[in-house]
Every structure is written in C-alpha cells, then in structure tokens.
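The structure appears right after this line, and notes come after that.
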Amino acid sequence: MSDLTRMTATEIAALVAGGEISAVEVTRAHLDRIAAVDDRVHAFLHVDTEGALAAAGAVDERRAAGEELGPLAGVPVAVKDVLATRGVPTTVGSKILEGWRPPYDATIVQRLRDAGTVMLGKTNMDEFAMGSSTEYSAYGPTHNPWDLSRIPGGSGGGSAAALAAYEAPLAIGSDTGGSIRQPGAVTGTVGAKPTYGGTSRYGLVAFSSSLDTPGPCARNVLDAALLHQVIGGHDPRDSTSIPQPVPDVVAAAKLGATGDLTGVRLGIVSEFVGEGAEPGVMTAFRESVDALTKMGAEIVEISCPTFAYALPAYYLIAPSECSSNLARFDGVRFGLRVGDDGNRSLEEVMSLTRETGFGPEVKRRIMIGTYALSSGYYDAYYGQAQKVRTLITRDFTAAFEQVDALISPTTPSVAFPIGARTADPYQMYLADLYTIPTNLYGGPGISVPCGLSEGLPVGLQVMAPTMADDRMYRVAAALESAVGTFTPPAL
Amino acid sequence: MAAISREEVAHLARLSRLAVTEEELDTFAGQLDVILQAVAQVGEVAAADIPPTSHSVPLTNIFREDVVTPCLTPQEVLSGAPDAEDQRFRVPRILSEDVAS
C-alpha cells in the first residue's frame, strides 16, 4: 500500500502546499487504492478518474504559480451520492435517478471545488438516504472494511467505508437520523452532523427537509473539523441556512487534542446507557467516560425522558416529509419513465415509473408518510409526533442548562452481519435509537471511535447545543487523544 | 388487532402513485402494520397543551434581492428529462379517451 493513502488530510495538505508531493500523485495513489480494493468494499458508485486528475492538476498549477492554497487544497474527498455534482452521475442510490447527470453543483460541492479539494467520486448509500446499513442501495451493499461480511452502517455506509478502507482521507455524508454518525461508529471513523442549518442543503436531494444535514466524515477529529469549516456557513440559496459564521471548530479540535477538559461538564444520557446497548459497547463507553474524567471533565448523569419517544416520532416525521418530497419523482423532469406507450395516462405512467424506480424501503416510507398525513390520522400521528419533537427539544434545552454537552454510545450495537435485519424493517430502525433525538432538536452531534468490542469498532457520541458545534469537537478530540485512532485489518 | 388492512395499504399505494404488485401488498401490509403499531407509541406522551415543532430553526419568510442572475439554459434544464419537445417537458396523455373525445 502506498503511504499517501495512510496520511491524514492535514498531512497531505501540508505536503502539497510545501511542494513536497503533488496533488496529482496523491490523487493517483487513492485512485490506485480504489482500483485495488473497491471490488470487495463497494464504497463507490462512481469514480471520476478524469475529473479528479484534472482538479489535482489545477491545484499543482496554482501552487507552481505561487498562489495561496486553501487549508485542504489537493486533498481527495469522496462525496455521498446524495449531493448534485455537475456533469457527474448522481443517483441517490436509486434506480429512479440512474444515469442522471445534474446540470449544477450543490453548494457544498461548489465549496469543495473552490477549496481545491479533489473529488474522487460518489459513494454508495441507502436509497434516498433511508436506511442504516447501505443494504437498501439499489446498486448493492457496501461492505465494512473491518469485516467484509458486515454492514458499514447507513445511510452513508459508502463514505464511511471509503475512509476505513483508505480509499479517501475525507468524505461528505448527510445525516437525517444518524446517517453520518452511525456509519462512523461502526467503521471506526469520525462522523459529524453539524447544527441543522449550519451546512447548506442546496443541491442535496431532499429526504426530510426539516432534518437533513450534510456534514463531514474523516479518520480523525481535526480533519473532520477542517472539512466542516470548508463546507459550512450561510448559503443564501438555502432558506433554512443560518446566517451566522461557523463556530471555530478547528480551534476547538486543536484545543481538545491537548487532552485537557478541565471545567467541561458532560452529561451521560441515562436513557441510553440502560439495557438497550450491547455489553461490549457499554464496556468501551464506560472506559471512555473514565478517560474523559481523567482529563478533567466533570461527569453527571442526566435523564431525558422523552428521548424514549424520539424513534417513533422520527419514523412519523421523516416519512411524512419524504412522502411529500419524493412526489417530484414523477417521470417528467428527470430520471426514469416507465410505460409511456402512447396509450397509458400520465397517472398510470407515473405509478409504473415510481413502482419500478423505488425500492421497498422507499415505498414503505412513502406509504407510512401518506398514512400519517391523511385526514383522520393526522392529529394522532404527524401532529402528535411534532408535539413530541417540542418535548425532546425541551429535554435538550434543560440538559444544556446543567452541562456543556451530552454523551452516549453512538449506536446500541457494533456492525451487524449483512442480511441480519433486512427482513424486519423496524429492527433496522433501532440502529438509530441514540442518534435520532439530535436531529429532531436540530443541534450538532459527532461520533468518535472509542474502542473495540469483539474486534469491531464502537463509537461515542457527543451532542452539543445548537450552533455550539465547537464544543463537540473539543470533547471528541480530547477523547481521541486518549484512546487513539483504530486501524482495521489489512484488506 | 392489526393497525392497517391490506385494502388500506392498496389505497395508500394508489394515493402514493405506486403500482404495487399483489405480492408486495401482502409483504407491505404486514410490515406497515408492525411499523405503525410501533410508531403509535407517540400517543402515550401527554402533549395536549404542547405546541408542535415543525422545524428547529425559527423561520420567517426570507426574501432575496429582486435582481436578475445567471441561470441554467433550457437545454441544461431539459438535459435530464425522459422526453422533451420544443423546449418543454413532454408528458403522457393527461385526459382519458372519453373526456378527450
């Protein structure tokens, strides 16, 4: 294996800026690695060899011309296939968009280009980001580099697996109920969900618009913070974008890395350390709590009783929004059209197109959402779920009056075997038990590797108040300085 | 008792514009029933006087400056369409035969 693929983004950027390696060399090393392992991992749906080498070449030219380069210039990035990329196929893991090449870039993709990062390609995901294992991708599952027979999490399993397999040093994900953090946890990588509105949704294929949050994925906390800084911040093209600067997450990550948490108060969510989690997950979590205490953090337990209802509320709110958002896939403006034989009506063609183009989980969620929004059920389901959302927000607000951040395991279990939960959709939903409350509240959350259980990675989640993303980076970086990073067995 | 019947699932599929098969109806009816019974737990929370939250960011209407900015060309806009004609999206027949005649 080439050493270049083992480097951190921070190291690569420094070497490129100093002229010690070229961005083209770095890019080729990662493209070679993808060619060598991705037939087994299947992290990528599309590799943009030509575009990547051209972008890398442009960085090298700018450096040669003496131009100032950004902090991540020349660093390869893998982008979840949920973001529109101009001229580069964007499928959202669905057959309904197979072959679509967007005529524009998502804001985040534009910012990645402006920063001189090199987009390697598009990563696999559960169809429309609905799933927790990447098995609901219409293009086949991604395999966890720690054990190829296991899931890499989802929906952003492709991005997380690309990092763990050393196919990319940085990746972009999107988190609606845990789709960045849960894959991070089960692949031993770092995944951060920014504050809702802290990263632009322009060009992100919509699933649940009040929850969808794109964010950074990396192999270490500082790299994630650097990527967060590049992609975050106000975007006039997204009406829910927060018109404030990104908190200084890079400085917070560097502060945390000193290993000093004196004066920091952390709350363990009582509801998430009970019988629901696997013993191995709890052991790693408890050891991490000890490490945080040794670094000076003051730790208390805090009860957030309504968090127990976050999962059912989420699985009403997200499907409701999805049933509305996915109405745009009507076989008219983009993507698939089926059965247009000149005799069938628009409605028949639409129904055949959607039947053929959507997979089973997407259909289930559209129907659940349609049910929850229909008259007669609205108050008991969608309306009630929105009230529960208010109560969950109040639990967070009350907790943050007592502590700076909340912590919990990221997931109840380590990576499960491929195929273990596909027959029982609700079992699949339980993988997001601990990550969902943050999405309903809108605050930031990060998963950082905290140990191994039976040879598989365990993640610790840090949840912070809205627009206090810097706090979670500080705690995560401190933990990382104590427990280190985790390397999967050679592929 | 089941929360949802096979017939109701067929109705939802129709509303959702999904031409589901008979086999899918059998599978979905069971799965949606499990899911709906689980999510119905939200009803256990006493929340009668609690205001709903639709969104975590306090939103007011946001207006942009009314200035002309560059946009996609018709060719770019239609580039992903399954069918186009005269710079427009072409759609299948909207009216049924008897209405049209």
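Every residue gets a Cβ built from N, Cα and C, even glycine.
Feature annotation from TrEMBL assigns domain 'Amidase' to A:25-471.
Around the Cβ of A:Lys80 (active site, charge relay system), 33 further Cβ atoms fall within 10 Å across all displayed protein chains. The active site, charge relay system annotation in TrEMBL covers A:Lys80 (among others).
Here TrEMBL flags A:Ser155 (among others) as active site, charge relay system. According to its DSSP assignment, A:Ser155 (active site, charge relay system) is coil. There are 35 other Cβ atoms within 10 Å of the Cβ belonging to A:Ser155 (active site, charge relay system).
Here TrEMBL flags A:Ser179 as active site, acyl-ester intermediate. A:Ser179 (active site, acyl-ester intermediate) falls outside any helix or strand according to DSSP and counts as coil. For A:Ser179 (active site, acyl-ester intermediate), the same-chain residues that are 6 or more apart in sequence and have a Cβ closer than 8 Å to its Cβ are A:Met125, A:Asp126, A:Ala129, A:Ser132, A:Gly154, A:Ser155, A:Gly156, A:Gly173.
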- Query: Near chain B, which of the active-site residues A:Lys80, A:Ser155, A:Ser179 can you find when the cut-off is a Cβ distance under 8 Å?
  - Reply: none
- DSSP three-state assignment for A:Lys80 (active site, charge relay system): strand
